[in-house]
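Data first, discussion second: the structure below is written as structure tokens.
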Amino acid sequence: VHVFTITVKILNSFVTGVLDDCLCDIDSIDNFNTYKIFPKIKKLQERDYFRYYKVNLKRPCPFWAEDGHCSIKDCHVEPCPEYLKMANNTKELEDCEQANKLGAINSTLSNQSKEAFIDWARYDDSRDHFCELDDERSPAAQYVDLLLNPERYTGYKGTSAWRVWNSIYEENCFKPRSVYRPLNPLVPSRGRFFICTFSCLCLEKRVFYKLISGLHASINLHLCANYLLEETWGKPSWGPNIKEFKRRFDPVETKGEGPRRLKNLYFLYLIELRALSKVAPYFERSIVDLYTGNAEEDADTKTLLLNIFQDTNQMQFNFKSLIRLKIFSEFRLHFKNISRIMDCVGCDKCRLWGKLQTQGLGTALKILFSEKEIQKLPENSPSKGFQLTRQEIVALLNAFGRLSTSIRDLQNFKVLLQHSR
């Protein structure tokens, strides 16, 4: 009881007030998200245009031979024996079987949907695009129904999962050396501490680190909020796991890093929120539609999207850090590398959501770096200066939807911790 009370007080004291670099109040963000954004973004994600995401889950890891926890590629257990040579116990076998099951992608699609995708591709091909992503045209790319594959706990863990995030932090995001990170979560270690502090990083690099840390925190919150609590008679029960939440965000258990991670989540939320406000003129043009073949539904979807854009203008932004982002080429290089690392995730469902949220953040950065081009867009003709593909649009809104859900989940955990006292 005493520990829970301390956790709640510390979380409230750290995850309140004004955020560094943007002068935004967290309480106002919570209220804005809860009553304005979350209900609408959730409704938007259920629309056909935003429900289906085309992704290639078969690209090999370009950096190392994947040896993840059971190498979770589908619901089969064949990859498990090699892993079990090291584990050599029944508990690991059970974990492996569960992870394979939970990590598998539900690829169920109706014949009507498959026919619609052909029509969508034909329509997209007729448009004048200039930012086509190679992965979209890969024969291995397939549409996935995001509503049938919610982001939640899959059992993906161990050396593989650690290596993915460690590679992202160590190689790509200008990690401040004062941040505690264990060499390997499976091996007892006192972690790393360096003399350099967070202030050693220039503002641009500090922003990039916060974005990746915020993404990491958001994904962890989804897993904690949608955790497999029990599975009886083939009917799994999902819900919030307070113990797991404390393990990832408790100030004591994370050596003070938990509250900082949650602040970075808010920072990322505001960055993507600002991107939505800046890209509104692109979608307000009559030439831009959200095509699915159903004219009435497409019009309703665009109206809902524009309504969300209007709400984003209610937030007052003061991102001095973004004004000074002058290392675009370096940002883009690091971010592309992070996107490639997502191909090393050994769990299909984790890879799906990792790639989607990475692309969503990348699209948000693309928007923020293209503000002048967006302002010059012609009303009735495509522009070579700025263009978004269907995949970028779907990723952008779904990625922001995940952040909106994370903010709401965090409020729920605060309430649960209060009740746990």
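For all residues, glycine too, the Cβ spot is worked out from N, Cα and C.
Automatic, uncurated: that is what TrEMBL annotation is.
Annotated signal peptide per TrEMBL: 1-20, in sequence order.
According to TrEMBL, the feature disulfide bond maps to CYS70-CYS75 (among others).
In sequence order, HIS216 are the residues of the chain that are 6 or more apart from TRP165 (FAD binding site) and have a CB within less than 8 Å of its CB. Annotated FAD binding site per TrEMBL: ARG152, THR154, TRP165, SER213, HIS216, ARG248, in sequence order.
Positions annotated as disulfide bond by TrEMBL: CYS347-CYS350 (among others).
Residues annotated as active site, nucleophile in TrEMBL: CYS347.
Using a 10 Å radius centred on the Cβ of CYS350 (disulfide bond) and all shown protein chains, the other Cβ atoms total 25. Taken from TrEMBL, the feature active site applies to CYS350.
Comparing Cα positions, CYS347 (disulfide bond) lies closest to THR154 out of the binding-site residues ARG152, THR154, SER213, ARG248. Of the residues the record lists as binding FAD, namely ARG152, THR154, TRP165, SER213, HIS216, ARG248, the two whose Cα atoms sit farthest apart are 21 Å from each other. Between the CA atoms of ARG248 (FAD binding site) and CYS350 (disulfide bond) there is a gap of 18 Å. Cα of THR154 (FAD binding site) to Cα of CYS350 (disulfide bond): a distance of 8 Å.
CYS347 (disulfide bond) counts 27 other C-beta atoms within 10 Å of its own C-beta, drawing on all protein chains shown. The 10 Å shell around the Cβ of ARG248 (FAD binding site) contains 19 further Cβ atoms across the protein chains shown.
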